[in-house]
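S.K.: This is the structure, below, for whatever I ask next.
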């Protein structure tokens, strides 16, 4: 009689055990890594490198308040530009609030759509000097100075003192009026019967 585990006639050979060759699998892993590196280098070298311009100063004012406080009917079939929120015509998207809209237009995706990178162009000494000169020329003569600030502070202090003096006078007048009305209210005959002539201290 043959043993159940042996390979006899009509029996099943289950004595075979799979053995793993570590070197073979290491070689397969190395080949896979090489293929991935070649594929990534090929994907990078497919198209030409895009040279984007450095960031530029925005030459327009961002409109955040034109639709503030206005009522608008929004329908599902309305175009993006007429939906609720802030519409970006460059990226063809709608942003729900002003904070996120500012983040969007200052972000990488929007700047790339405009053809700019997130790098700032390094300014030369001449450019900085020219900028200073332009700002000096733009400065309006007779603008706010330290002397104006001192004068405003002194004026504000005088106004505050005047307001305090007026409040003190009003309080004093109010007290005098209350005292007079109380004195008029008390009947002198009743006061004499009760034994006091007024609200002052009486000698016993």
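Every residue gets a Cβ built from N, Cα and C, even glycine.
So TrEMBL has the following annotated:
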type     : residues : note
REGION   : 1-56     : region 'Disordered'
COMPBIAS : 15-39    : compositional bias 'Basic and acidic residues'
DOMAIN   : 83-117   : domain 'U1-type'
REGION   : 151-188  : region 'Disordered'
COMPBIAS : 151-164  : compositional bias 'Basic and acidic residues'
S.K.: Against which stretches of its own chain does the domain 'U1-type' (83-117) lie, if we need a Cβ under 8 Å and a gap of at least six residues from its ends?
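M.R.: Long-range Cβ neighbours of the domain 'U1-type' (83-117): 52-56, 62, 64, 72, 74.
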S.K.: When secondary structure is assigned with DSSP, how many helix, strand and coil residues does the domain 'U1-type' (83-117) contain?
M.R.: 14 helix, 8 strand, 13 coil
